[in-house]
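Per Swiss-Prot, the features are:
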- 45-48, 166-169, 189-192, TYR207, 254-255, 344-345: NADP(+) binding site (BINDING)
- ILE131, SER132, PHE133, MET134, THR135, THR136, GLY137, LEU138, GLY275, PRO276, GLN277, MET278, LEU279: substrate binding site (BINDING)
Amino acid sequence: MVQRLQSALVGTPEGGIRLSTTEIVPDITGDSVLVKTKAVSVNPVDTKMIGPYVTPGAVAGFDFAGVVEQVGPEATKCDIHVGDRVCTAIMGMNPLDPHVGAFSEYTAAVEWILLKIPPHLSFEEGASLGISFMTTGLALFKSLGLPGNPIEPATEPMPVLVYGGSSATGTAAVQLVKLAGFEPIATCSPRNFDLVKSYGASAVFDYQDPNCTSDIRKHTKNKIKYALDCISTTSSMQFCYQAIGRAGGKYTALEPYSEAVARTRKVVKPDWIMGPQMLGKEIRWPEPHWRPANAEMGEFGVYWTAVLRRLLDKGLIRPHHIVVKQGGLAEVLHGIEDIREKRISGKKLVFQMEI
């Protein structure tokens with residue numbers, strides 16, 4: 001029998017996060033599923049859940065992996081059963097669903113968003129997959145609208161720029177771009193060239209080299225039409241705009257982009273996305289991150305999760321390099337600070353929930 005109270009990291013009235021031992025375990029109804037958390041990962045978005053983004057008492061955290069404990073009466077479409085090892089990304093610090101977040105002993109998710117962890121991956125590796133592959137799928141195949149996907153690859157390869165190729169979203173994007181039949185052109189520091197190439201990049205460039213954008217345009221014969229910016233700063237946007245070919249194209253960021261940079265090239269169409277949009281529900285965070293409910297986004301979320309299941313089952317995608325730490329939720333608090341202070345580079349930070 002599932003306990004009624006649990007430990008979780010929750011928002012405070014002061015706009016921070018603390019460890020609580022008296023939080024309610026989510027009720028399971030409809031097509032939702034209860035999961036006992038075995039591992040969680042910390043993402044840059046977790047560092048942004050402060051101040052006005054905090055709902056007092058709401059559970060924090062996005063990426064998790066664990067074991068199915070309970071299945072709702074309407075959760076019958078995705079072959080999810082008690083005892084299954086699963087992972088995904090959910091929306092933590094959600095004012096509309098405050099009892100659900102990854103940083104808790106038990107969490108809940110609708111059945112269709114869950115990925116079964118294949119036998120060759122650990123809970124810790126599973127916990128690193130959600131945000132990286134969900135967000136990049138949304139960016140590449142919805143926002144940028146690449147004319148091909150991992151199930152039906154493009155027949156004519158074309159170069160796709162992935163800025164920040166050594167980040168967790170970057171290595172996920174490189175894999176997906178290649179599986180979709182395109183040529184991933186990535187940027188990163190020289191020390192990470194081999195890492196990014198090992199994930200499938202066709203060519204890798206040093207973003208700090210002053211000739212980098214001209215070298216990319218020369219290498220790609222000025223044909224880049226699509227750019228995914230996994231770093232999403234003003235300088236990274238400027239870089240992508242300079243690397244996109246003469247005919248223009250599309251640019252997608254993971255944070256709000258600079259309108260000033262956008263005005264420098266009218267032939268480039270900019271956009272920015274957030275992973276939780278794939279749930280199709282209202283995102284009631286402050287502007288500019290508020291979003292209305294969007295059924296079309298929800299439909300894409302169902303589609304893309306099904307694609308990821310197939311890719312995982314076939315062993316076609318692999319997680320970013322991870323650093324595994326013990327200590328459970330108390331240590332996750334320190335992990336959030338490690339990410340905020342940029343003490344972790346080139347690896348995804350994962351915490352075991354049970355020692």
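Cβ atoms are placed via backbone N, Cα and C, with glycine included.
Straight-line distance linking the Cα atoms of ILE131 (substrate binding site) and ILE344 (NADP(+) binding site), rounded to a whole number, equals 17 Å. Residues ILE131, SER132, PHE133, MET134, THR135, THR136, GLY137, LEU138, GLY275, PRO276, GLN277, MET278, LEU279 are the ones the record ties to substrate, and the longest Cα gap between any two of them is 15 Å.
Annotated pair PHE133 (substrate binding site) and ILE344 (NADP(+) binding site), C-alpha to C-alpha distance, rounded: 20 Å. On its own chain, PRO190 (NADP(+) binding site) has ASP206 as residues at least 6 apart in sequence with a Cβ closer than 8 Å to its own Cβ.
Less than 8 angstroms from the CB of GLN277 (substrate binding site) sit LEU138, ILE283, ARG291, ASN294, MET297, each of them six or more residues away in the same chain. In the three-state DSSP scheme, TYR207 (NADP(+) binding site) falls into the coil class.
When the binding-site residues LYS48, TYR207, ILE344 are ranked by how far their Cα is from the Cα of THR135 (substrate binding site), LYS48 comes first.
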